[in-house]
Each structure stands twice: as C-alpha cells, then as structure tokens.
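Record features, source Swiss-Prot:
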{"type": "ACT_SITE", "residues": "Ser520", "note": "active site, proton acceptor"}
{"type": "BINDING", "residues": "Asp81, Asp123, Lys124, Glu494", "note": "Mg(2+) binding site"}
{"type": "BINDING", "residues": "Cys122, Cys198", "note": "[2Fe-2S] cluster binding site"}
{"type": "MOD_RES", "residues": "Lys124", "note": "N6-carboxylysine"}
Amino acid sequence: MPEYRSKTSTHGRNMAGARALWRATGVMETDFGKPIIAVANSFTQFVPGHVHLHNMGQLVAREIEKAGAIAKEFNTIAIDDGIAMGHSGMLYSLPSRDLIADSIEYMVNAHCADALVCISNCDKITPGMLIAAMRLNIPTIFVSGGPMEAGKVIGVANIQPERRLDLIDAMIESADDNISNRQVEEVEQNACPTCGSCSGMFTANSMNCLTEALGLSLPGNGSYLATHVGRKELFLEAGRMIVEITKRYYEQNDETVLPRSIATKKAFENAMTMDIAMGGSTNTILHLLAVANEAGVDFKMADIDRLSRVVPCICKTAPNNHDYYMEDVHRAGGIFAILKELDKAGKLHTDVHTIHAPTLKDAIEKWDVTNPENTHAIERFKAAPGGVRTTQAFSQNRMWKTLDLDREKGCIRDVAHAYSQDGGLAVLFGNIAERGCVVKTAGVDESILKFTGRARVFESQEDAVEGILGNQIVAGDIVIIRYEGPKGGPGMQEMLYPTSYLKSKGLGKACALLTDGRFSGGTSGLSIGHASPEAAEGGAIGLVHEGDTVEIDIPNRSIRLVISDEELAARRAEMEARGSKAWKPENRDRYVSAALRAYGAMATSADKGAVRDVAQIER
C-alpha cells in the first residue's frame, strides 16, 4: 500500500518546523493526515485563454476541501502564442513548455503533494502540464479554461453580410492591400470577442480535446465554452474526483488511476487517432511525442504515420473549414461524439480506462448524445454561445434548442460520410526529411496534394516574411525556412505570419512552405513543418540551394529534393568542411538570450518531440 507523500512533511517530531509553516498557511490541527492536493493554475492577464482563471483555482480548492482533503494552489506561467507571434517573443513559446513542466515538478515534489489538479488552457500550458503529470505519476486530473466564442462581423467587402471569424482572419486581412484600414479594424475588433482559447481547432483546443481522448479529463473539457455557466460543473467535478482517485490510490492501492496507467500506448494511439480524425494542429504531434517520451511509452513518428493512413477526417472546423468552430463541435456532442464514430469504425482501443470511467467504451456509451436516455449528456452539449463580449467565465447560460446529430452533413460525421477518407494529418518522408515532417492535410486544397516547385530559401522567419510581403514569391514557389528548429532557432518558432501573408497575396493555393520550424494551430494550406533532422542538427533541409526543385506528394507520403544521392552527399561534405560554421545560418543577426541558449543546447529535433536531452550537455 503506497504511503501518502505528504506525511514526509506533516508527521514526526522532526517535522515540527514544517507543520508550523503549514499552520501558517491555514492548515488546522484536524487537517493533518488528510491528503494534500496541489492545484496548478495558469492564470495570467496576458492571455485571453487564461484571463478568466483567477478564481478557478479556489473554486476547485473549496470543492477539494469539502471532499475531505487539503488544497494548495500555485501558479505557473502562460505565454500567448498569438501575441508573441511575428517577433522574437515566439522564440520563447516552445521552451516555456519545459519550464512549465519543471515548475510543477519543483512545486509538487518540494512540498510533497499527494495529487495534482492541472488548470490549463492554451498552447504550451496543457502539454507542459501533461509532461509534468507523466513525470510525477501521482493522481492527476485536467480541467481547462474552455474555448472562446467565435467572432462575428458584418459588412466586410466581398463576403456574405455576416460571417464568423477568428484571429487568423485578422492576420490575413491585415496584409491584404484590397481591404481597407476600416475593414481590418472591424475584423480586429470582432475576431476575439470573449475569454477562452481561440475559437477554432487550433493548438490549445486540440490539446484540451486530446486530454479527453487520453482519459485524463472530463467529457466536454475540450469543447465546453469558457463563458457558459455550465462549465463551472467541470471544475467542481474535478475537485471532487481528484479526492476520490487520490484515496483510491493511497488507501486501496488502485494504480489504475495514475497518469502512466491511463496514458498507455493504446491511449496515445486513441488520442492520435482522434486528432487525425478532427484535423487538429500539427503541434499536437510534437507534444504527444514529448508526453509519451516522458511517460516512457514507445510512441513514435512511425506510429503516427501508420495511423494517418487508415483514419478518415470526420470533423473539420476552422481554420480548415469556416463553417464550424469549437462551439459547433460541442453542439454535435463534443469529443465523445467523434470517439463514438471512430469506435463504430473499429479505429479505437476501447478497453483502456479513464479517470471517470472503468473503460473508454463505458464512457462513450454514457456520453452518447444520440441516446435519448443520456439526458445528462444532452443537457451538457446543448450549451451555446452567448454572443456578448466578456472576459468573465460562466457569464451566460444560453442553450441550443436542439443538438447537431446529423452525421451525414453536420459538423461531426460518421466514417461513411467523412470529409475525406484520408485523415487530417500526415507524416511525409524523403531525402529532405529523413526522419519525417508533418502536414495538416485537412487544411490543404485537393488541387495541391501533389506539388512540384522551385525552392526559395530563407534562413529566418523574418527574412521569409520580408520576401513574401516584398512580392519576391510567385506561384509555383516553395518557401524554405530553415534554422528555425528547436536547436537552430532556438525555440522552433511558429510560421503563422508567412502562411497568412501567402494567403493575403493570393498564393495560398499556388505555393508551398517547408520548414524545420513549426506552425500555429491556425495554419492551413500546403504548410509542411517539423522537418527532421533540423538544419542545425545536420538535416538535409540545410543543404537545399536557391532554385532547387522540390517534389511533394502527400497521397504517397513523400517529399524529395530533386537531386542525385551523389550531389546530396557532395553538398553535405562541403557543409561539413566549414568546421565551426557548419550547420549554422550564414546571414542572420539574432540576439539569443542565455535562457534560450540553454534550451537550444539540450533540444532535440521535432521527430522526438523537441524534448530536452540532458545527455547533450553531459557529454
């Protein structure tokens, strides 16, 4: 029987000093002996996805205390990728994932907490907390802040009278010379109307949905709007449930509630299957690989490639399809509706267990909104957007009169009526990316699934943006942005501005982009990232010359620099001959702080999840 970790600091004569300090935090005499549950919040006023979380930690804490445990809240950092986008701030985004994981490990282990509630929401916070959960392997539950409502705008030129939109529209239209300043301002003012993670299937929402598929959060976690009063119940339920599973582990020796027991290889395959089916962000591949690595699960790019070939795309939302947003996914039954359709097609391992059900099969049946007997599920997924600008959680209670149960033409479809039989994400291999690169196929127009073009080589995102806005890129070009990987950046910047600007120039279906960096969850188009090995690690993307021909073949999962093996070997030898200047950008002036240099010294390429490899500095 495992012993409560907290006894280390709450029991024994020698811990009198520690108990004195616990008392100073509000712990009463009768509390000693109760489990201590850490509540890791990520509230910040910098991020709309986190601005409403200031009271959420205490909401969970009070419920934990009612259930018979001690709750202690602390905070971790949260970076807004959208605000950090397009300048040097983006260098810090991915490294913050590891900093978040470390900070949670430090707090939980330093204070001997018995269990953990993770209150996350945006891009790197959920992955960072997942890494921490796997590392600590104590009872853990995730509850996120929820998605933002989609924006609405009326009267923008050359479109229907009213449309829904998101921050990506603001980025694209700001660079379109055909749209006036007034029209851009109107989009800007309406794109992000409420608190919450951005309204499409971008990275934040993709990751929060994946916590459901992994079995570490409650149904609705990924889709229940931040503004809806009903979401409050998820926080209260998380508070009650963490006490229950904590006692099951420490008092009944039930190891099935531990993160590593839940997030098995089967669970990772389920999560990736669901991700492919909903056309999630390519960042999810990076993060799932990192989380699996921390969990000690043998889940690799080859597994993702295998799944991507057999899983159809059955849910297609913004940025891949502007007919649907997260609020529509919720109305259609949320993540468990997607899981149900995948299960019907035999695409899931439903014998895995979750924190809230003995098996995934049980959970799918319980939360099936097509079953009229599941009134609790039907009521939860009728939650609708309020349509009022706000930064307040639980501020509206609007409900849909009906759910979207149309599995032929609705938001979520059955496999027979899939948006495409090819999944929403794919892994490509070839001489330019021997260990793979990734593309969100759900966002690629069918006309360019096969594409051959001329390489236009840039050694920084900034230079690429300057080239695109300076009209140096024409139809048929393939923009190569290298030395932007985890080590080469360092920090693996997102390339949302280059892809957005290609669209604003009318080149969204006429050009491709390949990088060893990564993309925002808001990216669509023929945007291929995570080229591994990265240029700074000796990857062949560093050997591409201006004007080379590159062939992309998504149906056959290949990408190729059209030169002979002998020529490629000669270029590699020439590069190696540069000595200390080899595998470094030739003409880039970029300040890199000590913190970023430390990350870059340990960073691995994207095919390994861009995790830190301490051995690289120990050698």
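The first residue you see is number 1, and the count goes up from there.
Glycine is no exception: its Cβ is also placed from the backbone N, Cα and C atoms.
Note: the Cα of Cys198 ([2Fe-2S] cluster binding site) and the Cα of Glu494 (Mg(2+) binding site) are spaced 16 Å from each other. A Cα-Cα distance of 9 Å separates Ser520 (active site, proton acceptor) from Asp123 (Mg(2+) binding site).
Compute the center of the Cβ atoms of Asp81, Asp123, Lys124, Glu494, which mark the site for Mg(2+); besides them, the chain residues with Cβ within 8 Å of that center are Ile79, Ala84, Met90, Ser93, Leu94, Cys122, Thr203, Ala204, Asn283, Ser520, Gly521. Summary for the binding-site residues Cys122, Cys198: the Cβ-based neighbour count within 10 Å is maximal at Cys198. Cα of Glu494 (Mg(2+) binding site) to Cα of Cys122 ([2Fe-2S] cluster binding site): a span of 15 Å. Note: the CA-CA distance between Asp81 (Mg(2+) binding site) and Cys122 ([2Fe-2S] cluster binding site) rounds to 9 Å. Taking the Cβ of Lys124 (Mg(2+) binding site) as reference, residues of its chain lying under 8 Å away and at least six apart in sequence are, in sequence order, Ala78, Ile79, Asp81, Ser93, Leu94, Ser96, Arg97, Ile100. The secondary structure of Cys198 ([2Fe-2S] cluster binding site), as reduced to three states from DSSP, is coil rather than helix or strand.
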